[in-house]
Amino acid sequence: MNNRKVKVHQGDGGFEHTKWMDLKVGDIVKVEKDEFFPADLILLSSSYEEAICYVETMNLDGETNLKLKQALEATSSLHEDSSFQNFKAVIRCEDPNANLYSFVGSLEFRKEQYPLSPQQLLLRDSKLRNTDYIFSAVIFTGHDTKVIQNSTEPPFKRSKIERRMDKIVYVLFALLVLLSVIGSIFFGIATREDLENGKMTRWYLRPDETTIYYDPERATVAAILQFLTALMLYSYLIPISLYVSIEVVKVLQSIFINQDLHMYHEEADKPARARTSNLNEELGQVDTILSDKTGTLTCNSMEFIKCSVAGTSYGRGITEVEKAFACRKGSPLAQDVTEEEGQVEEFKKEKPSVKGFNFVDERIMNGNWINEPRADVIQKFLRLLAVCHTAIPEVDEEAGRTSYEAESPDEAAFVVAARELGFEFYERTQTSISFYEFDPLSGKKVERSYNLLNILEFSSSRKRMSVIVRNEEGKLLLLCKGAD
């Protein structure tokens, strides 16, 4: 990881590729789209006019949604490589610590002081997304970075078979020692009595002209040496090759796991990955699951299935929960559900499925909503779905499709639903939101842009999210999505 390259300012307005390990505190770094941050950085400016950037902190806290970071206004105008030629500033901040969510410091620039907050802090192991490039100053490197301060030694895990094998080996070793001790005691006694009354009981060993091993005069030493000989001779009792054989089997098992088609996840195009082979036989013997919230155990995927506009319910899709409930109760709904599902499936065959969108209703799909009695309300409803959110669009030029990076799966499902129903959000800046909508008068798609004045973020106390926008006619609108 430390051999990765990053662009670092060389003092003359030029940036050159330098290894991560050669970074020093105070370096000015240019990080480009989809690159990881090489150290803890303070954001100075970005490719956006407003000096904002989007950061994915999946490696830090496991969250897939993007975080918004914004530089100080004083440094936000530094957009060119050359603008750092005469850039001088002093940063004073806290000592290195493990707290990911707090940061206290100040930046002294052109004889003025500006406070720094976590809003300007980019942590190592995070990734730059949806932003072409950013300029930043290095404040902590190596072991001082917050992610390394948080890291602990990985626990050494051993399987039950390994622990049991250890016990077996201890027992066998004890047995080996016992055999050797008993054998050496008897050998010592026999050696001592070998020349009793001048007779040689073991004449074939010639104890009268003997070496130390069979010397009746020094029977104790002969017994000790016999103990060592017995240890070597009986050592086959302990099957050392057992460990090697089991290790080889485990490595082969992990190769089979990696190539197992039943464990391949087609949606994400990911095969199973055995990162270690010492716990294979523990698979499927889950003892305890420690979980922090529902999303960890469920898919946490949201689908747009039904909606109610102006008192009319739209959407014939059926959730898995409804289906299971109906089948369990054995209610007549189960019959209807199956029939309706058949129709829904037929409808789906004609149209390719879209992730997060499981909505089927001819009344408002394909622009048919203009024939509904309350078409004006439906139009407002769909407009709200396309405007009131904090999602970021990513346009795939080749396929001509727009995908969305959203803070949560439900928000993504709403924006996808609006797109599929004809209100396609495609661009966001700090001050405006643009989308294509179906115009009932001309019968064509038209481009609309709303001036974004304020976003009132979702919070657990408000239980809703709102945006204040000005439309093309100059009207101010408060669009609200959330609690009743």
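Each residue, glycine too, has its Cβ placed from N, Cα and C.
Sequence annotations record features per position, and here TrEMBL assigns active site, 4-aspartylphosphate intermediate to Asp292. Under the heading Mg(2+) binding site, TrEMBL lists Asp292, Thr294. Annotation comment: TrEMBL describes Asp292, Lys293, Thr294, Glu411, Phe458, Lys481 as ATP binding site. Feature annotation from TrEMBL assigns transmembrane segment to 168-190, 223-244.
Structure coloured by features recorded in TrEMBL.
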residue	record	contacts (Cβ under 8 Å, 6+ apart)
Asp292	active site, 4-aspartylphosphate intermediate	none
Glu411	ATP binding site	His389, Thr390, Ala391
Phe458	ATP binding site	Arg464, Met465, Gly482
Lys481	ATP binding site	Leu384, Leu385, Cys388, His389, Phe414, Arg464, Met465, Ser466
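Cβ atoms under 8 Å from those of the transmembrane segment (168-190) belong to residues 201-202, 219-220, 222-224, 226-227, 230-231, 234-235, 237-239 of the same chain, restricted to positions at least 6 beyond its ends.
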